[in-house]
Amino acid sequence: MADQRMDISSTISDFMSPGPTDLLSGSLSTSGVDCNRKRKGSATDYQESMDTDKDDPHGRLEYAEHQGRIKNAREAHSQIEKRRRDKMNSFIDELASLVPTCNAMSRKLDKLTVLRMAVQHMKTLRGATNPYTEANYKPTSLSDDELKHLILRAADGFLFVVGCDRGKILFVSESVFKILNYSQNDLIGQSLFDYLHPKDIAKVKEQLSSSDTAPRERLIDAKTGLPVKTDITPGPSRLCSGARRSFFCRMKCNRPSVKVEDKDFASTCSKKKADRKSFCTIHSTGYLKSWPPTKMGLDEDSEPDNEGCNLSCLVAIGRLHSHMVPQPVNGEIRVKSMEYVSRHAIDGKFVFVDQRATAILAYLPQELLGTSCYEYFHQDDIGHLAECHRQVLQTREKITTNCYKFKIKDGSFITLRSRWFSFMNPWTKEVEYIVSTNTVVLANVLEGGDPTFPQLTASPHSMDSMLPSGEGGPKRTHPTVPGIPGGTRAGAGKIGRMIAEEIMEIHRIRGSSPSSCGSSPLNITSTPPPDASSPGGKKILNGGTPDIPSAGLLPGQAQETPGYPYSDSSSILGENPHIGIDMIDNDQGSSSPSNDEAAMAVIMSLLEADAGLGGPVDFSDLPWPL
């Protein structure tokens, strides 16, 4: 055991001795030098091989080819991207040319704006709420011809197709004969404008040629966030395919001419009545449609479109428009009354008519414009309506008329009740027009009465007082004019003009008075009663004011003779109360142009004396005794 321990210790000491350590370190250093030598040799060999490749023409050629392939690949990629961008830009430009809202812009839009406008346009055409396709709009069991006949039977009209460029009738259904009494062959190929009323041609041209270029909403630019300007650039307009159209027009009816018994009578009224007989009101409803020229089967000699676009046409159904006359209702159900709004000049002529009047009166708005409302009033109601006309021109309050009869297009009468009020220009203080809200009165309302509408006392003789003695009177008989239905008064259109001139004259005279300078010319009211010392109210003392016959008063309240509106002594005479007019005789015989001029001269002298501009007043020129 002791020997074994000694062997182990000697072995450990031999291992820990410095001799072997130096040997190990020497071997490690020798191996590191060998490695460095090997690394230096490999790097040198690689550099030499590279130099050899560069010096070799074949290697240099391969290097150049490698670099060229990389460059060509980059150029090919850029060319592909450029062609793709160019193609996309061309499609965007073509899409912008097809969208009407993009055509309306004065500058080039960005791509996002064009795409957004295109989406909005597609939603407008197809309908965002109820989209449908052509495959499910009709049952599969029905053919196109059967569907067309069913639609025409349900609509009780005729189908027609009109070219938008010239108004040429390209197609019309056979059912047009039931309405216009023209055959299908008579109308196809003809111009639609030849069968329209002259006053409706402009309206129909507007429906055919108007392109929806103006955007209906404010568009925002995607880049700037600012509203896009909608300046329409001049140029050929593009029709919007799918745009709906609905309008009224009068078309000729192929009816036999009615013989007039009195051939010598050739008045304007009879001609207008004959024109009305030969036209009927058609309500056209449809949409614009575009077809390629190859599908239309057009003549080869027809002129091609300048831009090579599709042929735009109006596809519509025309229905005979019949006015809606309310029928009496026997139940207790109360519905909203039918009414329409009209605007009149101060002489009673129509300047605006609501479209609802067509359903009530059967007149188109353009038929009523420029005509006097008195031409349609029943002759028994003209007196009361003339009084209301005077009142509405003199007051700012609303005037409600009694029930009166208004002549409709077929010659019959319907019962209306109107509310009138005048609009006064705030700058000129003059009445510009009269607004009338006309309500249809049913028969049961007339029998039971309606307490919601105040009643005015009618004046049966005021209608005759409106006309001169040579043209009308209380005992004058109303002649029947050929061509004009009974119930209306011939020459009634001048009544409104006479009332307007009368009110304007009163405004002019009152406007010349200093006391009325600060007040509106519409505030014409009756003056205070005359002094007790003036018998009968005909003689005014100390520069008093004679009573003015108010145009809105009833015959029992109106004065017998007209007078001039003078101001009282405190306003006209001022500090000279000793100057006055003792009496003014207002007899009928003393009213003449010379007397009126003399009276006005005296009034002007009084005004000058009051202002200190003139001398003493000479009353010798007065036609009345002082």
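Backbone N, Cα and C atoms are what each Cβ position is placed from, and that goes for glycine too.
Quantities reported herein were computed from a predicted structural model and do not represent experimental measurements.
Over in Swiss-Prot, the protein carries these features:
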type	residues	note
MOD_RES	SER17	phosphoserine
SITE	HIS77	site 'Interaction with E-box DNA'
MOD_RES	SER78	phosphoserine
SITE	ILE80	site 'Interaction with E-box DNA'
SITE	GLU81	site 'Interaction with E-box DNA'
SITE	ARG85	site 'Interaction with E-box DNA'
MOD_RES	SER90	phosphoserine
SITE	LEU125	site 'Important for interaction with CLOCK'
MOTIF	142-152	motif 'Nuclear export signal 1'
CROSSLNK	LYS259	SUMO cross-link
DOMAIN	326-396	domain 'PAS 2'
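Overlay of Swiss-Prot annotations on the structure.
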{"residue": "HIS77", "record": "site 'Interaction with E-box DNA'", "contacts (Cβ under 8 Å, 6+ apart)": "none"}
{"residue": "SER78", "record": "phosphoserine", "contacts (Cβ under 8 Å, 6+ apart)": "none"}
{"residue": "ILE80", "record": "site 'Interaction with E-box DNA'", "contacts (Cβ under 8 Å, 6+ apart)": "none"}
{"residue": "GLU81", "record": "site 'Interaction with E-box DNA'", "contacts (Cβ under 8 Å, 6+ apart)": "none"}
{"residue": "ARG85", "record": "site 'Interaction with E-box DNA'", "contacts (Cβ under 8 Å, 6+ apart)": "none"}
{"residue": "SER90", "record": "phosphoserine", "contacts (Cβ under 8 Å, 6+ apart)": "none"}
State the residues, same chain only, that lie 6 or more residues beyond the ends of the motif 'Nuclear export signal 1' (142-152) and have a CB under 8 A from a CB inside it; answer 'none' if no residue qualifies.
158-159, 173, 175, 317
Helix, strand and coil residues within the motif 'Nuclear export signal 1' (142-152) as assigned by DSSP:
9 helix, 0 strand, 2 coil
What is the pLDDT of the motif 'Nuclear export signal 1' (142-152) when averaged and given as a whole number?
74
Helix, strand and coil residue totals from DSSP for the domain 'PAS 2' (326-396) stand at 26 helix, 13 strand, 32 coil
Other C-beta atoms within 10 angstroms of the C-beta of LEU125 (site 'Important for interaction with CLOCK') total 12
